Each structure stands twice: as C-alpha cells, then as structure tokens.
Ligand SMILES: [Zn+2]
Ligand SMILES: [Zn+2]
C-alpha cells in the first residue's frame, strides 16, 4: 500500500530528526503500527513480531512505544484497564469503543474547539487538550446478540 509506505517514511524521518536511533525492532514496531487499524496493545505487537525477533520481550516493545510516544508518533490510550492500547498518530480523530469486546474504531469529526474555548473561558484554565469517547456495541457484537435469540 503506497499510502502507508509514505506514512512510514515520514515517521522514520521524524525519528531521524529527533535523534532517535532506528533499530530493526523499532522499524518493525513502527511498521506494524502504521499498518494496523486496530489500536494494538504492547502484547499484540509483541505476539505479531516475536517470530521475527526471538530476543525481544514485551518490555522492549513497551519501551519502544514509549519512545514513539515521546516524539509524538503514537498516542497511548488508557481506558482504565491494565493494558494500554497504542494508536499511530495521523490526524486528530475520535474513538467509538465497544462495551462488549473492547474494539476501538476511529471516526472523524471536526475538533471540539469551541468546548475547549468555553472551558478555558469559564474556568480560567489553560486548556491543553480534551478526550472524548463514544461507547456502544459494535456490529459484530450486535450480530452475536441477534444470533442468540
Ligand atoms: Zn464488540
Ligand atoms: Zn484511533
């Protein structure tokens, strides 16, 4: 896919510019993130790549993800459960989350800037960002439920 090739190239360029060394593992983790649409956990990435890098541990994956987060390439999504999920940052987007199976799907909506402005105005906070999540039941889980009846 040409588009994700480009995105990967851009991401590698950002790493180079920030002086982060690009090891084969980092390259592979980044590539996995760019191509994955399912907001993987460190464990998911580890399982997908352990065949390629037998000496790699989940902790290594996690540490690399942290490096990516610090340069702003990935976002760490914590939804109150033990395992964080990681999202490759392309454009600003929101998430809809399945309450049954935990699936996270991206959707785009104009940024809620007015809400930030209002919050700043009424509280005198210096607002940095916001987080909005929509919850519900994904199509697969709806189907499962239908089949049970
Ligand atoms: Zn679901
Ligand atoms: Zn996302």
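Every residue, even glycine, has its Cβ placed from backbone N, Cα and C.
Nobody curates TrEMBL annotations by hand; they come from automatic prediction.
These features come from TrEMBL:
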BINDING   98, 101, 138, 141  Zn(2+) binding site
BINDING   130  Fe cation binding site
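Annotated features, which come from TrEMBL, shown on the structure.
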| residue | record | Cβ within 10 Å |
| --- | --- | --- |
| 98 | Zn(2+) binding site | 17 |
| 101 | Zn(2+) binding site | 11 |
| 130 | Fe cation binding site | 11 |
| 138 | Zn(2+) binding site | 18 |
| 141 | Zn(2+) binding site | 15 |
Legend entry - Additional residues surrounding Zn(2+), by Cβ distance to the 98, 101, 138, 141 centre under 8 Å: 99, 100, 102, 103, 137, 139, 140, 142
Legend entry - residue 101 (Zn(2+) binding site) to residue 130 (Fe cation binding site) - Cα separation in whole Å: 25
Inset, instruction - Using a Cβ cut-off of under 6 Å to any atom of ligand 1, determine which of the binding-site residues 101, 130, 138, 141 qualify. - result: 101, 138, 141
Inset, instruction - Could you measure between residue 98 (Zn(2+) binding site) and residue 130 (Fe cation binding site) for me? Cα positions, answer in whole angstrom. - result: 20
Inset, instruction - Give the three-state DSSP assignment (helix, strand or coil) for residue 138 (Zn(2+) binding site). - result: coil
Inset, instruction - Give the distance between the Cα atoms of residue 138 (Zn(2+) binding site) and the residue listed as 'Fe cation binding site', rounded to the nearest whole Å. - result: 24
